[in-house]
Amino acid sequence: MEYQHWLREAISQLQASESPRRDAEILLEHVTGRGRTFILAFGETQLTDEQCQQLDALLTRRRDGEPIAHLTGVREFWSLPLFVSPATLIPRPDTECLVEQALARLPEQPCRILDLGTGTGAIALALASERPDCEIIAVDRMPDAVSLAQRNAQHLAIKNIHILQSDWFSALAGQQFAMIVSNPPYIDEQDPHLQQGDVRFEPLTALVAADSGMADIVHIIEQSRNALVSGGFLLLEHGWQQGEAVRQAFILAGYHDVETCRDYGDNERVTLGRYYQ
């Protein structure tokens with residue numbers, strides 16, 4: 001079967017996807033090892049029998065809703081290719097907004113940055129790649145996530161990052177940071193979106209929090225006060241309807257200069273503040 005023939009068939013079978021053509025192209029790129037430009041320019045290239053079998057198996061899994069990133073084992077974030085697994089969240093484009101806001105507020109001089117609940121290491125590795133002069137500490141309470149983030153750091157040859165197993169601040173007693181960032185669990189366990197799309201295949205522990213999704217956010221806001229240098233920043237990603245509640249939590253905890261930034265879809269996505277000791 002030719003590349004172009006397989007693409008046509010795959011696109012027709014993936015109409016339930018938000019991006020059937022791109023999904024099909026990614027699977028074809030993954031199995032053949034060819035780039036998109038080659039595939040489109042040489043569409044008459046023949047697939048081997050083995051490639052056809054691999055593609056059919058992947059197509060079935062994608063048709064059943066399994067995330068593309070789980071099928072290929074890789075997701076790009078901040079132009080960094082990251083290994084992913086069902087043990088962690090798949091990095092989302094909107095989380096790059098958190099990285100942008102963090103970079104804009106880091107001091108010019110070298111400093112220490114903490115990423116709580118690092119998962120794949122996406123946020124921490126993006127910051128480390130942009131600020132090689134800074135020391136980044138990334139923590140996660142799940143051993144599989146810690147191993148995956150360490151694998152990503154090693155694969156990308158990023159040296160200015162230390163990845164530890166820690167339940168939020170439990171392994172960080174006495175340490176202080178100029179900035180703390182986190183994309184914590186923030187979805188209400190009753191949210192119907194948990195039964196839709198990619199999140200069905202992701203760990204609930206990385207998605208769901210008590211108190212209508214606010215429990216971990218409030219915990220981080222309160223505990224970060226002891227871990228920030230005076231004037232240090234805390235930046236948190238949250239749900240698009242949680243902006244007001246998160247701002248109030250920052251203010252109640254005594255943070256200053258509290259503001260919420262919008263994501264690429266113009267939704268409130270990242271709230272930040274400064275804490276003065």
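Heads up, residue numbers simply count up from 1 along the chain you see.
A Cβ is built for glycine as well, from the same backbone N, Cα and C atoms used for every other residue.
D140 is the only one of D133, D140 that Swiss-Prot places in the S-adenosyl-L-methionine site (with G117, T118, G119, T120, G121, W168, N183).
Between the CA atoms of G121 (S-adenosyl-L-methionine binding site) and P184 (substrate binding site) there is a gap of 13 Å, rounded to the nearest whole number. Using a 10 Å radius centred on the Cβ of T118 (S-adenosyl-L-methionine binding site) and all shown protein chains, the other Cβ atoms total 30. P185 (substrate binding site) sits 9 Å from G117 (S-adenosyl-L-methionine binding site), taking the C-alpha atoms as the reference points. Non-local neighbourhood of N183 (S-adenosyl-L-methionine binding site): L89, T95, L98, G117, G119, I123, L236, E237, each in the same chain, at least six residues away, with C-beta under 8 Å from its C-beta.
Cα of W168 (S-adenosyl-L-methionine binding site) to Cα of P184 (substrate binding site): a distance of 10 Å.
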